[in-house]
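The domain 'DUS-like FMN-binding' feature in TrEMBL is assigned to 29-292. The FMN binding site feature in TrEMBL is assigned to P31, M32, V33, Q85, H184, A238, R239. Feature annotation from TrEMBL assigns active site, proton donor to C114.
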Amino acid sequence: MIGDIRETKECQLKDPMDLFNSGQVVKICAPMVRYSKLAFRTLVRKYSCDLCYTPMIVAADFVRSAKARDSEFTTNKGDHPLIVQFAAKEAQVLCDAARIICPFADGIDLNCGCPQRWAISEGYGACLINKPDLVKDMVRHVRSQIDNPKFSVSIKIRIHEDLKRTVDLCQKAEAAGVSWITVHGRSIEERHQPVHYDAIKIIKQSMSIPIVANGDIKTLKDAENVHHLTEADGIMVARGLLANPAMFAGYEETPFQCIQDWIDIALEHGTPFTCFHHHLMYMMERITSKQEKKVFNVLSSTSAVLDYLNDHYGL
């Protein structure tokens with residue numbers, strides 16, 4: 001990480017708000033545990049992704065431990081604009097994490113949407129949508145303690161059953177100086193139910209800052225439809241990009257060139273085998289037969305994967 005950080009100091013950090021002010025819908029790679037790391041961010045940026053998030057990092061661990069910082073965060077000079085997502089429940093801890101990351105990233109995002117039990121039991125993630133004054137306090141603290149006016153402070157939320165509560169949360173965050181808000185259009189309890197795009201539209205119409213729509217977007221056509229339905233300023237995609245990292249460039253399924261690019265990038269970055277392999281499994285889901293999957297998914301080394309791809313696809 002130290003080498004990467006030195007490299008970043010030589011590059012020009014960017015103002016993410018320039019994207020939202022461009023008049024174009026901002027195409028965003030979501031924070032994904034294990035997956036939205038530097039190598040994958042490098043790949044999707046090659047295919048028309050405008051803005052990338054890191055996986056969620058627990059702010060308290062990040063502040064306390066150099067080891068956590070080294071393992072959780074890597075970047076380089078091409079990795080911009082970049083948003084680092086934190087899980088936090090105390091304003092000063094979030095500020096401390098933001099101050100550490102500020103020279104190397106273009107903004108932070110407070111996770112107010114993770115519905116996993118461990119996160120909620122620790123006071124992180126989606127439980128924060130029920131603590132609007134705490135969210136407001138955290139945003140305001142970061143705003144007041146970070147000198148760089150271009151450094152963005154955003155939040156990612158889920159919606160309440162009573163949408164008035166969500167609008168109230170968003171308006172409080174806006175008053176505290178939040179840059180934009182990403183809305184995953186499901187409640188904490190909902191997992192695979194249809195996304196409430198109508199709710200995202202109501203939130204968008206209630207705010208004067210950018211709103212990003214998130215949830216069940218798997219193709220560029222989906223992204224266009226969701227933009228039309230919600231009037232959102234940005235579209236954030238998670239699983240759709242895992243299955244097809246070239247999605248934002250208009251490809252219906254992962255092109256072979258994108259798979260080749262992933263191999264090159266992953267090997268260059270020293271990506272651990274499990275991560276390297278999992279990404280390929282996602283990318284090849286739609287383009288391999290059941291029989292091929294049975295063989296490919298149990299390969300257990302980088303050399304075996306490379307041999308398989310060379311023999312079957314000439315990659």
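For all residues, glycine too, the Cβ spot is worked out from N, Cα and C.
Here the features listed in TrEMBL are painted onto the structure.
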residue : record                    : Cβ within 10 Å
P31     : FMN binding site          : 25
M32     : FMN binding site          : 19
V33     : FMN binding site          : 10
Q85     : FMN binding site          : 25
C114    : active site, proton donor : 23
H184    : FMN binding site          : 26
A238    : FMN binding site          : 20
R239    : FMN binding site          : 14
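Straight-line distance linking the Cα atoms of H184 (FMN binding site) and the residue listed as 'active site, proton donor', rounded to a whole number, equals 10 Å. Across the structure, C114 (active site, proton donor) and R239 (FMN binding site) place their CA atoms 15 angstrom apart.
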